[in-house]
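Engineer: From TrEMBL, for reference:
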- 5-50: domain 'Calcium-transporting P-type ATPase N-terminal autoinhibitory' (DOMAIN)
- 174-193: transmembrane segment (TRANSMEM)
- 199-219: transmembrane segment (TRANSMEM)
- 237-335: domain 'P-type ATPase A' (DOMAIN)
- 356-377: transmembrane segment (TRANSMEM)
- 397-427: transmembrane segment (TRANSMEM)
- 841-1015: domain 'Cation-transporting P-type ATPase C-terminal' (DOMAIN)
- 889-908: transmembrane segment (TRANSMEM)
- 924-941: transmembrane segment (TRANSMEM)
- 961-983: transmembrane segment (TRANSMEM)
- 995-1015: transmembrane segment (TRANSMEM)
Amino acid sequence: MESYLNDNFGDVKAKNSSDEALQRWRSLCWLVKNPKRRFRFTANLSKRFEAEAIRRSNQEKFRVAVLVSQAALQFISGLTLSSEYTVPEEVKTAGFEICAEELASIAEGRDVKKLKIHDGVEGIANKLASSYDVGIPTSEHLLNQRKEIYGINKFNETPVRGFWVFVWEALQDMTLMILAVCAFVSLLVGITLEGWPKGAHDGLGIVASILLVVLVTAISDYKQSLQFKDLDREKKKITVQVTRDGLRQKISIYDLLPGDIVHLAIGDQVPADGLFVSGFSVLINESSLTGESEPVNVNSDNPFLLSGTKVQDGSCKMLVTTVGMRTQWGKLMETLIEGGDDETPLQVKLNGVATIIGKIGLFFSVVTFSVMMQGLISRKLHEGSYWIWSGDDMMQILESFAIAVTIVVVAVPEGLPLAVTLSLAFAMKKMMKDKALVRHLAACETMGSATSICSDKTGTLTTNHMTVVKACICGKINDVGSSKETSSIGSEIPSSASSILLQSIFTNTGGEIVKNKDEKVEILGTPTDTALLEFGLLLGGNFQSERQALNIVKVEPFNSVKKRMGVVLELPNGGFRVHSKGASEIVLAGCDKVIDSNGEIVALNETSINHLKDTIDQFASEALRTLCLAYMEIENEYSAESPIPTKGYTCIGIVGIKDPVRPGVRESVAICRAAGITVRMVTGDNINTAKAIARECGILTSKGIAIEGPEFREKSEEELLKIIPNLQVMARSLPLDKHTLVKQLRTTFEEVVAVTGDGTNDAPALHEADIGLAMGIAGTEVAKESADVIILDDNFSTIVTVAKWGRSVYINIQKFVQFQLTVNVVALIVNFSSACLTGNTPLTAVQLLWVNMIMDTLGALALATEPPNDDLMKRSPVGRKGNFISNVMWRNILGQSLYQFVIIWFLQTRGKAAFRLEGPHSDLVLNTIIFNSFVFCQVFNEISCREMEKINVFKGIIENYVFVGVLACTVLFQIIIIEFLGAFANTTPLSSEQWFVSVFLGFLGMPVAAILKMIPVD
């Protein structure tokens, strides 16, 4: 079966599956009882094609808009333009001078002419009652007024479906509809022949069973949908930095309004349509909106920023002009949301299993009906009454047909693929509490097969709370601690060196020191920037005065490729000064001078270079992150278009930043190793820092290899084959190195790889990996968008929790499949063999519907929601080649099926003698005993299925309230069916002896299961 599934249903991958693959498996699943339910959690391909058409339309529209705006720019330069625009009265009354439609046409159409008519970006800001420095006022009355005129930044979403919608969808099961028709005919014939109420019992029994199945199914599906809705809400919690009332603050993107001043940095998603106010080196990736991969330069000449696009490089301030459904992104999102998530590989495989078993069941159903009809026709021929058909004969035909249809109900395990989503919904909800937000369903199950984790260092293995603890300024190494110690360092540094150092810290930074809403000083920026700014304040520097003293001409923000940041300042007396900071070895390599202990600038000689290199190594060996600060003077003119120089700098000093290892990381790495998962550290830091941290975390062992990115890049394919199995640390790596490592592990070594990432440049590696894990705190929106799981607390221990839940999901679904296939096999064989050998079946339509509910919805609830235990992380991972329906499962399924079939067959052939049954009701009593024994076989088999290989199946059973609740409800309802609903379910009350034997025969399945587990399988 596994090879058939791989050949026909194996094209769908955990991520990035082609539309052809998604379409192909759907066409193979032709035997579906309820398409609305079966395909509920699958991608809506038609909506995806619509979204792609919108993207193509946008691409053409924006291309034309760019050409038109360029032509308009040349034409209108120097012209005085008059406006024909009239401000609507309600907009004027609210205190604004431009309406929402006019604003939307400027940004979306990139209309340079209209922008100039409205006096440029500053004019638009004034008309929106906003300003660059203060932003918009925050009084509730004024905000509400703004919302009424311009709308809110939310997209149209599909409304939450109510409970009765799920009831209606559950009723659309084809087999249940056929059974309902049978019930209706049965009622008519029964009441005609035997009158009310006796003649209605059979029909009402089927109706009640159908309603019960529909109700339980609808409740389960409705609760599941609510869990997914909660998760969707969590995914949308995105905040941005804005200036309101002159104060920097974080707000939700859904609270943004036209007039807001938004601060964007590398990796951010543009949250609304807007206009560029100020910034440096801004590159925008518009592929999500247009499909165009080439980034666009945004500046004062091309100030248009569109919602949904991403900041690929640089930073800027933006004036929000258009929000919500007035943006192109809003219209595209409405279609994209309806496109849904890709189905998971397990969902597809189990659809395949359901299809195979459904075909077998359909065959058995047709044969069973044919055999029963042949028996009836033979009897009629024998009696010579084949021309005379009574009401009883009609009821027998109807009963035979109902049983045949019910065999299809039982045989087509519609619940198999839905058990995946039930288990995933349960796991995702629980993982949310464990600080992991699953963005794509498939990641949850794939994580259970992970064999390798490539982790960042900063913020994942370490706390990301950085402080400068050592500094080498003017050739002297000092410990940095309290403000007293730092101020003493400041007094020892010559004033000329001190002023250059503070200028470097406060101008060459992506961070800011601002006052928040509580009038408290707050340092904003990356942890590295924050640590340096804090160091600058301790040295007695003033951020605002340093920033206002000089004009910033150009900024090259830090990124993980260059590993440095640069800024060009215009000096008051003419000339320019460049400041550079970044990876110590890289910045130091560009220096040819240094500031000595007297504050003099001297040439770097061999002694001073060795001293600085030894300092870097010393700091790194103490697990400190090292940064080199340097500057250079430029005498002649400098153009903002020119690149910042990389050579000719003067070294100011080297700082050592402490970023402590997170508590519990060492234990988590040990758990991974015991679980057969290899942990590798991939970092941009110095190799000595990386090795020191890796040893502290337990990642780097005596046999492990630590390598630098440049060296890794130069290795041949043959060398990589030897190195990668033992590679544990990669330092000074580029995002491309991480991508190469992941690709090699996945393709050459066929490993299932999880990768962590937080930066924009990590997106390719996150996309390439089987499971992309983005950091929730330090991660950029671009990284989160490319990830499958967001680690909300940036903690490596949470990644281990995700792996544990992934394994739990995979094994829980295996348990449920084992349980359901056992019921399928037994129910099919028992009814088919009985029909062939005796001419009738021991299990009626109502009884089979009850069995179907036990094995379908209730079985999935009990087994697919089992919480994980620590033993899961003591077994080897499944990996890429593991069979889903394993040999262990086949052993348990076939062994348990054989036992149950023997018991039922014994009861059918020897039951009357064994229980000494006589008289006209003996058949009814025997069939009731068979039904009762069969149900209790499933109850005890459900307990046995809690463990597929271990004999002790009771461990932790009391803590699993869902499992205990399902079992208790099953047993209670079984007692009610037998003792009180006999007229509807074709049963009769049993004696205490008969009850004991029925339950005991079911219980015997547990020791049988234990013996089966002792049989070794490959």
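Placed from the backbone N, Cα and C atoms, the Cβ positions cover glycine too.
Bear in mind that TrEMBL entries carry predicted annotations, made automatically and left uncurated.
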Engineer: What same-chain residues lie close to the transmembrane segment (924-941): Cβ under 8 Å, and 6 or more beyond its ends?
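Structural biologist: Here the qualifying positions are 819, 822-823, 826, 830, 842-844, 847, 850-851, 854-855, 896, 900, 903-904, 907-908, 911-912, 915, 917, 967, 970-971, 974, 978, 982, 986-988, 990, 994-995, 997-999, 1001-1003, 1005-1006, 1009.
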Engineer: Under 8 Å between C-beta atoms and at least six residues away from its ends: which parts of the chain pack against the transmembrane segment (889-908)?
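Structural biologist: Answer is 814, 817-818, 821-822, 825-826, 829-830, 833-834, 838, 842, 914, 926, 929-930, 933-934, 937, 941, 944-945, 948, 1001, 1004-1005, 1008-1009, 1012-1013, 1015, 1017.
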Engineer: Please give the sequence-distant neighbours of the transmembrane segment (199-219): residues at least 6 beyond its ends with Cβ less than 8 Å from one of its Cβ atoms.
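Structural biologist: Here the qualifying positions are 37, 163, 166-167, 169-171, 176, 179-180, 182-187, 189-193, 395, 399, 402, 845-846, 849-850, 852-853, 856-858, 981, 983-986.
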Engineer: DSSP-wise, what's the residue breakdown of the domain 'P-type ATPase A' (237-335) into helix, strand and coil?
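Structural biologist: Once the DSSP states are binned, the domain 'P-type ATPase A' (237-335) shows 18 helix, 47 strand, 34 coil.
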Engineer: Which residues of the chain, 6 or more past the ends of the transmembrane segment (961-983), have a CB below 8 A from one of its CBs?
Structural biologist: 201, 205, 850, 854, 858, 861-863, 865-866, 928, 931-932, 935-936, 939, 942-943, 946, 989-990
Engineer: Across the domain 'Cation-transporting P-type ATPase C-terminal' (841-1015), what does the mean pLDDT come to, as a whole number?
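Structural biologist: Its mean pLDDT is 88.
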